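J.: In case it's useful when we look at the structure, here is the feature table from Swiss-Prot:
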- 14-26: compositional bias 'Low complexity' (COMPBIAS)
- 27-37: compositional bias 'Basic and acidic residues' (COMPBIAS)
- 1-37: region 'Disordered' (REGION)
- 1-47: topological domain 'Cytoplasmic' (TOPO_DOM)
- 69-101: topological domain 'Extracellular' (TOPO_DOM)
- 123-138: topological domain 'Cytoplasmic' (TOPO_DOM)
- 183-200: topological domain 'Cytoplasmic' (TOPO_DOM)
- 244-306: topological domain 'Cytoplasmic' (TOPO_DOM)
- 328-344: topological domain 'Extracellular' (TOPO_DOM)
- 366-376: topological domain 'Cytoplasmic' (TOPO_DOM)
- 398-409: topological domain 'Extracellular' (TOPO_DOM)
- 431-444: topological domain 'Cytoplasmic' (TOPO_DOM)
- 466-471: topological domain 'Extracellular' (TOPO_DOM)
- 493-516: topological domain 'Cytoplasmic' (TOPO_DOM)
- 48-68: transmembrane segment (TRANSMEM)
- 102-122: transmembrane segment (TRANSMEM)
- 139-159: transmembrane segment (TRANSMEM)
- 162-182: transmembrane segment (TRANSMEM)
- 201-221: transmembrane segment (TRANSMEM)
- 223-243: transmembrane segment (TRANSMEM)
- 307-327: transmembrane segment (TRANSMEM)
- 345-365: transmembrane segment (TRANSMEM)
- 377-397: transmembrane segment (TRANSMEM)
- 410-430: transmembrane segment (TRANSMEM)
- 445-465: transmembrane segment (TRANSMEM)
- 472-492: transmembrane segment (TRANSMEM)
């Protein structure tokens, strides 16, 4: 890595010149291969129906992230009572906190396993079938979590969190890929962002349900976990009417006629020959003997650098610190002087603002003047500046300057909003734009697994580090967001509206120019 940085410092050409040179190189190569850009398509009612139905699976992910915040203390008290009734032992507060921490972390453990398996399942059984049967895990988890108090058996919560982690892990690898494979090239960003949009909606709803006025009581908290069955049943009712990915049908089943029929239905017209030919050409270029079996081939040859970039894009999302703010937002607000139910209200309010910002990203991500790269760099840069200001205002607040507490809340808001405009939605579907049909499933699985690993690491380490160095813990995120912003600027091409082959050529050219 040091060698790469050193070579970057020696590079005397400006990035803009390099980028234009790269684009010219790619365009020339595309013309030589007789590739033409696909015509822009519009939203159709059926495309919107399919995208909305598929993205319902993402609701589970966001709900499980947000639902544990408010009722956590209530569940810990119940665990202590339940343990005494089961085993006749009195748990200390530390022991009860540890059991609850294990239950919370099992979500990430399940997510790692589920995301790693998602590529195999998607390629073996198809995108649609995998998504359909994945709902079984969600329903089993909902039963375990919501009836744990009824049966007075807290290990059901631990097991339920693992099951729902498996479900969400499969979802995180499958849904962004499925969405972008159904979308036309000019709408890939909008369609891919539905994954993060549903996560944001679910986080807000779960936090609202956890308020004391609704289900945030000793009697009501099991109903929070039962609510996740609603979108699960809704998807079970709608997904059978959706279509399979045409790219999957061509690359895995060689069923061009069915792929054509699906494209005509999605696009709302019969002029799909050009798009179908692009899919066939993509398959012909990429379906070649792989010398390394399974996932190993992703880290060999032409796949190696795109896979590394995909993983680092996922790291840029999680190491930005958004998980720390999401998991511990109530605690952060309490330390800022908010009391009573005010921290919970503030957390719900922030979730609503983040949701609005995610909606804003939908309109910018495919805009000619923005695209993925600029939004991602802008988001990381905004988070970098916000994290510095959070540290400054927390320091002033601790020194007795009460006005700084209000400024701190403002900068946390800035931190969350800038995340929603780039690092939130973009990494999820970025991998699907880099890889072709033959390797997309496995690549999406590996990148999603890296996201879960990073999420687990941040959730596990932030609170202990924060207890030691206090507000200066946010300087970690300053370093990471700055580093990943530079990385995106130097090594990540714009993917908006481009084919995987064109993107990979530009990616290879950028790497060669910078590292030479």
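Just so it is clear, glycine is given a Cβ too, placed from its N, Cα and C backbone atoms.
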J.: Any chance the transmembrane segment (102-122) and the transmembrane segment (445-465) are in contact, meaning at least three CB pairs closer than 8 A with a sequence separation of 6+?
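T.: Contact confirmed: at least 3 Cβ pairs fall under 8 Å.
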J.: The transmembrane segment (445-465) vs the transmembrane segment (377-397): three or more C-beta pairs under 8 Å (separation of 6 or more)?
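T.: No, the stretches stay apart by this measure.
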J.: Spell out yes or no: are there three or more C-beta pairs under 8 angstroms between the transmembrane segment (345-365) and the transmembrane segment (139-159), with each pair 6 or more apart in sequence?
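T.: Answer no: the transmembrane segment (345-365) and the transmembrane segment (139-159) share fewer than 3 Cβ pairs below 8 Å.
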J.: So what's near the transmembrane segment (223-243) in sequence-distant terms, Cβ-Cβ under 8 Å and 6+ beyond its ends?
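T.: Contacts with the transmembrane segment (223-243): 49-50, 53-54, 56-57, 59-60, 63-64, 67, 71, 128, 131-132, 135, 138-139, 141-142, 145-146, 160, 164, 182, 202, 206, 209-210, 215-216, 262, 265-266.
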J.: Can you tell me which of 48-68, 201-221, 307-327, 410-430, 472-492 gets the most C-beta pairs within less than 8 Å of the transmembrane segment (162-182)?
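T.: It is 48-68, which has the most Cβ pairs under 8 Å.
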J.: Return the stretch with the most CB pairs under 8 A relative to the transmembrane segment (410-430), choosing among 139-159, 307-327, 472-492.
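T.: Highest pair count goes to 307-327.
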J.: To the transmembrane segment (472-492), which of 48-68, 139-159, 307-327, 377-397 is linked by the most Cβ pairs under 8 Å?
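T.: Going through each listed stretch, the top one turns out to be 377-397.
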J.: Mean pLDDT for the topological domain 'Cytoplasmic' (123-138), as a whole number?
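T.: So the average pLDDT across the topological domain 'Cytoplasmic' (123-138) works out to 95.
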J.: Please report, as numbers and ranges, the same-chain residues at least 6 past the borders of the topological domain 'Extracellular' (69-101) whose CB is under 8 Å from any CB of it.
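T.: Non-local partners: 149, 152-154, 157-158, 207, 210-211, 215-218, 221, 224, 327, 329-330, 344, 347.
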J.: State the non-local partners of the topological domain 'Extracellular' (466-471) in its own chain: residues 6+ outside its ends, Cβ under 8 Å from one of its Cβ atoms.
T.: 324, 328, 390-391, 394-395, 398
